[in-house]
Amino acid sequence: MDCPFLTDDAVAALVVAVAPPLEEEDGLQPRAGTVDATARYGIDLAELADRSGGTSFRGVAGQVATVDLPRTHTGSTYRLPWAGLPSTIVLLGIGSGTDVELRRAGAALAGATRGLERVVSAATADATEAGVRAFVEGYLLAAYRIPRFGRPAAARSGEGPVQDSQAEQLVLLGESHETQLEAARVAATATWLVRDLANTPSNVKDPEWVAEQASALAGAAGLTVEVLGPKELAAQGFGALLAVGAASASPPRLVTVTYEPEAAERHVVLVGKGITYDTGGLSIKPREAMVPMKTDMAGAAVALAAVLGAAESGVRHKVTAVLPLAENHVGADSYRPGDVLRTYSGTTVEIANTDAEGRLVLADALGYAVATLAPDLLVDVATLTGAAGVGLGRGHAALFATNPGLVSGFEAAAAVTGERVWHMPLVEDYTSALRSDVADLRHVPLEARGGGAITAALFLREFTDGLPWVHLDIAGPARATASRHEVTEGATGYGARLLLQFLRDLD
Ligand code: BES
Ligand code: MN
Ligand code: ZN
């Protein structure tokens, strides 16, 4: 191994990998860089970690021990064995070195080296290409900081994004995996964008504001953008989107962003739920449930980030993101339980609960996509039901799909990005719950019988015109109450990397 390693730069840290002992009484196992560094430094690093990392440092992925070596005082003629080498050594636990563990190790490294100017890592010197990507992605994801004043990436430029500057500090030793590094950078950028948008408070983030952000970002990337305002929406029959947004002082928008490469093979339309705040409407939420609802546009942010990422990484397919944006508020113009709405497709819907607004705005957007965009595949992403979070927790999104190939496509993408999905059934018997006496459909079952994520999915299916379709309910993983590994507190950005990976791998 040669020598970005050799440096006089006092702020540089050298990162080497260790794994847990094989037997309880053994020491930590040296991994990439540790043996080399031990030889160069002339000290037993694994043994030092054992002592200085304390009993809790076992080399498990996500654990870090930092060793600061002393320097001689100025004027001393004594030469330490590590003179000229970085005086900070980071011993990074990588466990058995799987991709998941390397992603965690990367994330832990970002936390341990925050503020350092230069970090030289040998920890992935013998990892696979996928392992290197996972490591760098974990590092970049964990480097994220919530913007202080709710400014999105687009507006952060003056000061330079925190995460970008930390991205520049990391130097990897070993084979250079340019393609993997680029994939990690694009994927992390997509996730950061979703986090920035979803973390922005709703007094800043109304439908118009989100539409402006989307236009600015898509315009800068050379993509086509179309924004429909309230007048156009009314003229074109978006009855559901307009009803949901009717009580808000900030009226709805529908944004369409298109990426079309030459000789595109397929057309994938991504539809993202964009509720900029969900009070529940007249069926109002209690305070506890309302507080996190600024993130109820995470689906729209994911769809936007995915189309931008697809363009940046040269996906072969045409990709269109459709973002129905509205604020579900309370007011004299509120839509009511018992109202009958006419959706874009002409299907009428009897309102049962104004808090089930997501499926309504998605119904209009799906209907619009089917009628005007000629998709080969529809994918919707939404923080749709509390039920999905109750059933699966924060670790998995609920995945519904019309065919097994789509399920395995998403499962394969999830295995690459670590954003886990769980395949859910579209239970045919439950469609009877969507029957209404006064409209084509009732939008929420009359009696609560459980299966809320499933009945929501069945409702959406009515607007897909029998096309291949994937529905991702991200109500669980879209937010986190505490940072853990690569997942950061607040909006997690879940789904952006998943969708991007799916699009990259789609035949
Ligand atoms: N945005 C919520 C779903 C949600 C809940 C997301 C918790 C994240 C965390 C959605 O609009 C909603 O209110 N759904 C209702 C549907 C019900 C009225 C049929 C729900 O899940 O309670
Ligand atoms: Mn709601
Ligand atoms: Zn909602």
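Cβ from N, Cα, C; glycine included.
TrEMBL lists Asp355, Glu357 as Mn(2+) 1-binding residues, and of the candidates Asp278, Asp380, Asp429 the one it assigns to that same site is Asp278. According to TrEMBL, Lys273, Asp278, Glu357 bind Mn(2+) 2; the candidate from Asp296, Asp364 that the record adds to this site is Asp296.
For the domain 'Cytosol aminopeptidase' (353-360), the number of residues in each DSSP class (helix H, G, I; strand E, B; coil) is 3 helix, 0 strand, 5 coil. Among the recorded positions Lys273, Asp296, Asp355, Glu357, Arg359, the ones whose Cα sits within 10 Å of the Cα of Lys285 (active site) are Asp355.
Screening the recorded positions Asp278, Lys285, Asp296, Asp355, Glu357 for a C-beta under 6 A from any atom of ligand 2 leaves Asp278, Asp355, Glu357.
Residues Val244, Ile275, Thr279, Gly280, Gly281, Ser283, Lys285, Met293, Asp296, Asn328, Thr354, Ala356, Gly358 surround the recorded Mn(2+) 1 site, their Cβ atoms falling within 8 Å of the Cβ centroid of Asp278, Asp355, Glu357, which are themselves excluded. Candidate recorded positions: Lys273, Lys285, Asp296, Asp355, Arg359. Those with a Cβ under 6 Å from ligand 3, in sequence order, are Asp296.
Considering only the binding-site residues Asp278, Asp296, Asp355, Glu357, the Cβ with the fewest other Cβ atoms within 10 Å is that of Asp355.
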